[in-house]
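Chemist: Pasting in a structure now, in structure tokens, and then I'll have a few things to ask.
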Amino acid sequence: MKKIAVFASGNGSNFQVIAEQFQVELVFSDHRDAYVLERAQNLAVPSFAFELKEFADKVAYEQAIVTLLQERAIDLVVLAGYMKIVGPTLLSAYEGRIINIHPAYLPEFPGAHGIQDAWEAGVTESGVTVHWVDAGVDTGQVIKQVRVPRLPDDSLETFEARIHEAEYELYPAVIKELLAE
Ligand code: GRF
């Protein structure tokens, strides 16, 4: 059975949905006070947190992450709201084994504010994308994506909620497929 690790920087609602459907070997957060760590505790998923600023540089930080992943024989790294760019140290150790979810229909609206950017652009539809992680920001090969409409009476909040609902469907579906391969 392939072993999965989930990386999250904050809230962790995607982690929660994933952990309710799959065995998650570990959660990693780059913030020691992230709410995802509380969710992990409630779900009895082992969690680890350390911050970039605690290391000499990003290479050392990512080397610590790679060691953690290797010690636990992780096969698939699932980024779910992990707000750091994956650097060459982690990427070269896990190339082709890291996936990310982005709250827009890539290549539309990459970056940290995919929902807000789509909203401000006045689109009539946006979406959600799961993709392989490469050295760029939201540039890796798309695995699966779905469209999400923006409805005429949407507020940013209702639009955002609909995007998140689509994430909670799409990410487990992709993970299920990858675990079956
Ligand atoms: C999600 O919208 C995800 O697409 C983006 O960051 C958000 C994380 O939310 N990359 P959560 O931490 O899973 O609640």
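Indices start at 1 and increase along the chain as displayed.
Quick reminder: no glycine exception, Cβ is built from N, Cα and C everywhere.
Since we're looking at a predicted model, the values are computed, not measured.
According to TrEMBL, the protein carries these features:
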DOMAIN    2-175  domain 'Formyl transferase N-terminal'
BINDING   G12, S13, N14  N(1)-(5-phospho-beta-D-ribosyl)glycinamide binding site
BINDING   K58, M83, K84, I85, V86, N100  (6R)-10-formyltetrahydrofolate binding site
ACT_SITE  H102  active site, proton donor
SITE      D138  site 'Raises pKa of active site His'
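Describe the structural context of each listed feature in the structure shown, including burial, neighbouring residues and relevant distances.
Modeler: Taking a C-beta cut-off of under 8 angstroms and a sequence separation of 6 or more, G12 (N(1)-(5-phospho-beta-D-ribosyl)glycinamide binding site) has the following same-chain neighbours: V27, A34, Y35, V36, L37, R39, A40, A80, G81. According to DSSP, G12 (N(1)-(5-phospho-beta-D-ribosyl)glycinamide binding site) is assigned to coil rather than to any helix or strand.
A coil conformation is recorded for I85 ((6R)-10-formyltetrahydrofolate binding site) in the three-state DSSP classification, outside any helix or strand. Taking a C-beta cut-off of under 8 Å and a sequence gap of six or more, I85 ((6R)-10-formyltetrahydrofolate binding site) has these contacts in its own chain: V137.
Within its own chain, H102 (active site, proton donor) has P110, G114, V128, T129, V130, H131, D138 as residues 6 or more apart in sequence whose C-beta sits under 8 angstroms from its own.
Within 10 Å of the C-beta atom of D138 (site 'Raises pKa of active site His') sit 19 other C-beta atoms, taking all shown protein chains into account.
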Chemist: Let's check the environment of N14 (N(1)-(5-phospho-beta-D-ribosyl)glycinamide binding site): how many other CB atoms sit within 10 Å of its CB?
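Modeler: Taking all protein chains shown, N14 (N(1)-(5-phospho-beta-D-ribosyl)glycinamide binding site) has 23 Cβ neighbours within 10 Å.
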Chemist: In three-state terms from DSSP, label K58 ((6R)-10-formyltetrahydrofolate binding site) for me.
Modeler: helix
Chemist: Over the domain 'Formyl transferase N-terminal' (2-175), what is the model's average pLDDT?
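Modeler: It averages 97.
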Chemist: Rounded to the nearest Å, what's the C-alpha distance separating V86 ((6R)-10-formyltetrahydrofolate binding site) and N14 (N(1)-(5-phospho-beta-D-ribosyl)glycinamide binding site)? Just drop the number here, would you?
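Modeler: Roughly 19 Å, rounded to the nearest whole number.
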Chemist: Among all protein chains shown, how many Cβ atoms are found within 10 Å of the Cβ of K58 ((6R)-10-formyltetrahydrofolate binding site), not counting that one?
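Modeler: Looking across every protein chain shown, the total is 15.
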Chemist: Which binding-site residues among G12, K58, M83, I85, V86, N100 have CB under 6 Å of ligand 1?
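Modeler: Result: G12.
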